[in-house]
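K.L.:
After the structure tokens below, expect a handful of questions from me.
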Amino acid sequence: MGCAPSIHVSQSGVIYCRDSEESNSPHQTTTISQGTATLHGLFVKTDAADAIPSVLAYRSRPLPPSAGPRRGERREPGASARARASRCCGVEAETQTSDADGKASTTEVHIGPMRLTQDPIQVLLIFAKEDKQSDAFWWACDRAGYRCNIARTSESALECFLDKHQEIIVIDHRNSRYFDGEDICRSIRATKPSEHTVILAVVPRISADEEESSVLPLINAGFDRQFMENSSITACYNELVQIEHGEVRSQFKLRACNAVFTALDHCQEAIEITSEDHVIQYVNPAFEQMMGYHKGELIGKELTELPSSDKNCADLLDTINTFIKKGKEWQGVYYARRKSGDSIQQHVKINPVIDQGGKIRHFVSLKKLHCTNEDNKQLYKSHCDETYTGDNSQSESHSFKCKSRRKDSIDVKSITSQSSDAPSLQTRRYSSMARIHSMTIEAPITKVINIINAAQENSPNTVAEALDRVLEILRTTELYSPQLGTKDEDPHTSDLVGGLMTDGLRRPSGNEQVFSKNMNLSHSHLSVPNTINDIPPCIAQLLDNEESWDFNIFELEAVTNKRPLVYLGLKIFARFGVSEFLNCSEVTLRAWLQVIEANYHSSNSYHNSTHAADVLHATAFFLRKDRIKECLDRLDEVAALIAATIHDVDHPGRTNSFLCNAGSELAILYNDMAVLESHHTALAFQLTTKDSKCNIFKNIDRNHYRTLRQAIIDMVLATEMTKHFEHVNKFVNSINKPMASEETSSHGKGSNCECTANIKNFQDNQTLIKRMMIKCADVANPCRPLELCIEWAGRISEEYFAQTDEEKRQGLPVVMPVFDRNTCSIPKSQISFIDYFVTDMFDAWDAFAHLPVLMQHLANNYKHWKTLDELTCKSLSLPSENNN
């Protein structure tokens, strides 16, 4: 085995280095430097040291017998450690590598979902002189496969560290004869790269009778650990390996977190991280931009110390805390107050961060401006201009979620079976919920959602979470139009679909005449309104029963000379405090109701002010249901009552299909799209704002007016039948099914409060509820008592008969040929309407709002029409539908 090179200093001061013990020839001797003393080993003790390189690496030193092979290396007998020449601090030095062939091995480290590759550990030994301790650490590095450098002065040590950024530094702190170890440590700690470096102090061994000194001075100087002097290679090896797998590995993971914080700092969403006690720990620049604060003003403060907006519901914070403290994600709409004092509406998602022990350690909040709010538009535009570099907008799902890591699919049979021992009304409610999942008219998107829900049940968490995202996307896009099935073969159903669900885009045949109607904007010939206290006794007596679902609207029509809307409107609006909310007088409200009713056509058999009063009555009835009261706020209630009042104003008694086929002025004005519904809302607002005497909106601020106006328009447009199935399917998938899933998973214990609170915090879900409410109120005739149902059926049939007559007279396409007054079967038309439009919608509505009286009337009325149809078929010797 070869020996270490021998280095000698001659009497003349020349330093020689020999590479072989066998050769003493002068030509094999290398001159290193000049000096004045003899050099023994590798380090000098006199002024000759100034001429020796400051940073050295051992070269071809024989491995002590106790050292053993390097980690991960099989050492052959007689083999010596290899070395690689490298530049360090401007001088030649040699750095050992982790395996025999000179190639360094790497280690794979995981931090959360990140996969990192750690290069071989680099170690810097700072020893002023060679001794057994420095040798032990050197060979320990060799065994562990670390790259190692040695420095002997503070200047060379700092220079080497800044060049190589070693993970471990070992400083000789046994005496201060050559340098001060604490000073070297402080100088290294003053540099940025040392943030993730572990510094070890080698301290002298103490005798058994000595008391061990405190480590605080070392810690204050910047050291991480101390090592009691021990020249055993194994002891040094064990110390280094423990540091690698402890502090070094942790520091390596922390260094990788810089990438995460860089991503957070450049994220376009506002992000806030708090402790489990809601102390703010981090906010990103997007959060500072949105809220107007500097992070220094926020970090370290509790959320409760910051000003809050008074626009949130009183119990919203309690609801949020209820979810996140259970480890569940919460998302919804929340008002926050900026530093300037402005309130902004945000869409917020809060995720608890749970450690391995199940304890919540942090809360991460992601916030976006909720730009449907008029108050946010200018701020949003500014925020986008300064923050966004491109069009990165994407659809956001606001369907409410109350979920843990996975969603369970809904088992309809379990829903119904759980309620088997409940009262009959509760059973009927679950029956309605069950029928939702077997709807005969099922859009393709509904099938897709049901399949995905079923697939989630046995899927891994990652797959289930991905499918959650798929469901969110599907529920917020326009994919809800149904595919018509075999029911088209029934002429009654086919005609209803053609007449109610198309815009009549058929080419007219024969001589076309244009149907047009002049808008009646006149306020003349209106009688002086009575006050609510001056209502005649006969009318007042009828109105005493207006809160009942069985209220007879036709009796009110008769005693009010076909002006039921004013009287019923005054009563209902007073009960809901509409005047107080709008800050308008009762005189203004009465004048408005008179103007609206005057623009309904009393000549229409169905679409007149009695129908408007009937829809208003149904809407008020729904608004009193507990579930709906919990989900909607005061503005929603007022918007719903106003929308019901105006929803068919100036209706000509003809369908949209007729107006489009006839090329009417209204159809041209509204491009054949939602013609009547657009006209109803536009005319209603025109009538309202034209005269201050009836302008019920004149005293509310602009923002409230815009919000109220948008809600009214949305509800009236929802009554258009071309999007009937879209509205119903969205309601089922975004309201019914998530709510049923939550109730099932919690077995009904406190779930109603949590679910309704979640619905209330999502504006999109509130919109779906309001749309569904006015749609059900608009076609609630089959759910009224039988005598009322029959009257309404006769009135709508008469209006359709009149339209068919006019279509034939003008040579227009006959949209609903089955409604010929000479051949039409009213029972068949009612059966088709109930089957195709009413049953599924009211099943969904009943599952949400719990309406047993309506569902009982619907069942009785349907049975009546079926019986009447069978009797009619028998009397005419025709096969009934049951035999088809």
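Backbone N, Cα and C define each Cβ position, glycine as well.
Automatic prediction, not curation, is the source of TrEMBL annotations.
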K.L.:
Which range, 59-86, 395-422, does TrEMBL list as region 'Disordered'?
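P.N.:
In TrEMBL, residues 59-86 carry the label region 'Disordered'.
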K.L.:
Using only the residues recorded as binding AMP (HIS607, ASN608, SER609, THR610, HIS611, ASP648, ASP778, GLN830), report the maximum Cα-Cα distance in Å, whole number please.
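P.N.:
It comes out at 22 Å between the most distant Cα atoms.
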K.L.:
Identify, in sequence order, the residues in the chain of ASN608 (AMP binding site) that are 6 or more apart from it along the sequence and have a CB within less than 8 Å of its CB; answer 'none' if there are none.
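P.N.:
When sequence neighbours closer than 6 are ignored, ASN608 (AMP binding site) has LYS562, TYR600, HIS601, SER602, HIS651 within Cβ distance under 8 Å.
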K.L.:
How big is the gap, in Å, between the Cα of ASP778 (AMP binding site) and that of HIS647 (Zn(2+) 1 binding site), rounded to a whole number?
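P.N.:
Cα-Cα distance, ASP778 (AMP binding site) to HIS647 (Zn(2+) 1 binding site): 9 Å.
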K.L.:
Have a look around HIS607 (AMP binding site) and count the other CB atoms within 10 A of its CB, chains all included.
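P.N.:
So the Cβ neighbour count for HIS607 (AMP binding site) comes to 23.
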K.L.:
I need the CA-to-CA distance for HIS607 (AMP binding site) versus HIS647 (Zn(2+) 1 binding site), whole Å please.
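P.N.:
About 10 Å separates the two Cα atoms.
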K.L.:
Going by DSSP assignments with H, G and I as helix and E and B as strand, what are the residue counts for the domain 'PAS' (263-306)?
P.N.:
17 helix, 12 strand, 15 coil
K.L.:
Distance between HIS611 (AMP binding site) and HIS647 (Zn(2+) 1 binding site) at the Cα atoms, whole Å?
P.N.:
10
K.L.:
Inside 10 Å of the Cβ of HIS611 (AMP binding site), count up the other Cβ atoms and send me the figure.
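P.N.:
A count of 25.
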